[in-house]
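Below: the structure, in structure tokens.
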Amino acid sequence: MKHNFGAGPGILPHEVLKQASQAVVDFNGIGLSILEISHRSAEFEGVLDEAVKLVKELLEVPEGYSVLFLQGGASQQFAMIPYNLLPEGGKAAYLETGVWANKALKEAKYFGNVEVVASSKDSNFTYIPKDYTVPADAAYFHITSNNTIYGTQTQEFKPAPVPLVADMSSDIFSRTFNVADFSLIYAGAQKNMGPAGTTLVIVKDEILGKVDRKIPAMFNYQTQIEGGSMYNTPPVFAIYVSMLTLRWLKAKGGVAAMQKENDAKAAQLYKEIDRNPLFKAVAAVEDRSKMNVCFVMENPELEKPFLKLAEDKGIVGIKGHRSVGGFRASIYNALPVTSIHVLIDAMQEFAEKHKA
Ligand code: PLP
């Protein structure tokens, strides 16, 4: 077994993969594969209902919100959000904390005006700006809760004077938060929830229906809500595996228990990075992500040999994103603490070998 530190698609629990592979051959003993059953069958309706129920339960979603499993990835949400929420001639506010935030705000410009309230582009997004004002006349304020590429994470969500919209693609289900503070939350499944192919959207019903433009059915949240995420054929397998992962999370004690584990995993890894003279963390200390840990080497010439040592130990997916360099250890929910220990051991062994 490899130690999978890949950023996305990320690691899934081994028992989920085993159950999913069985369902590909024969789903619940009905003599059909999960890939063959009708999305209108009672079997699949049961899967989708359970997935929605688990999201509501695990995140304590209050009344007045709809939970959707859509397609098109988080990137489609970049466009769907302004399509549905930004009135023509209106303005939306964005916090620019990385490439994904930038892609989101670029899409909004097709629909209206965009005000970037603050940006950390000047430091290659190593921190999350905190000193800004959200204009009270904006249709909504968009943030990215965890910046997958740069390893920064919003530690505390500040209330906004307008509906708050968050891209939680890389940290949903990793920590508790108050859904009621947000008007729309979205996340591509492929980090902490399931395989690529479905995107979770949690939307407050009362923010919809306020723009005059005509919205094509597939891009309209209201159509998707009315269709119960089944306006067209849904991504059955991706939703099924997401449901299994949410069941796994519930059995582990839910999001609060997961958060405890994630805190401990991240603390051990950052401690080693801070202690080990060969390595240096990239993100500002107060904004360090507990999902994507980015670090570089004091001597970049040692990066290749370290990567080789890590690979020899079965560690995969730690090469940093090309825009940051160095290493990125994605330590999503399903990554066991034993994998963190293997990485730490490799770092210590390498430091011992390259002692000055
Ligand atoms: N937002 C964040 C924070 C991401 O990390 C990613 C992908 O890594 C995306 C959006 C894009 O997601 P998708 O590939 O599902 O469109």
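Keep in mind that glycine also has a Cβ here, set from the backbone N, Cα and C atoms.
According to TrEMBL, the features are:
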| type | residues | note |
| --- | --- | --- |
| BINDING | R40 | L-glutamate binding site |
| BINDING | A74, S75, W100, T148, D167, Q190, N232, T233 | pyridoxal 5'-phosphate binding site |
| DOMAIN | 4-335 | domain 'Aminotransferase class V' |
| MOD_RES | K191 | N6-(pyridoxal phosphate)lysine |
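The 6 Å Cβ screen around ligand 1 retains S75 from the recorded positions R40, S75, K191, N232, T233, ordered by sequence position. Separation of the C-alpha atoms of S75 (pyridoxal 5'-phosphate binding site) and R40 (L-glutamate binding site): 27 Å, rounded to the nearest whole number.
Neighbour count (other Cβ atoms within 10 Å of the Cβ, all protein chains): 9 for the residue listed as 'L-glutamate binding site'. A separation of roughly 15 Å, to the nearest angstrom, links the Cα atoms of W100 (pyridoxal 5'-phosphate binding site) and the residue listed as 'N6-(pyridoxal phosphate)lysine'. Within the set of binding-site residues (S75, T148, T233), the lowest number of other Cβ atoms found within 10 Å of a Cβ is recorded at T233.
The separation of the residue listed as 'L-glutamate binding site' from T233 (pyridoxal 5'-phosphate binding site), Cα to Cα, is 9 Å.
For the binding-site residues shown (Q190, N232), fewest C-beta neighbours within 10 angstroms: N232.
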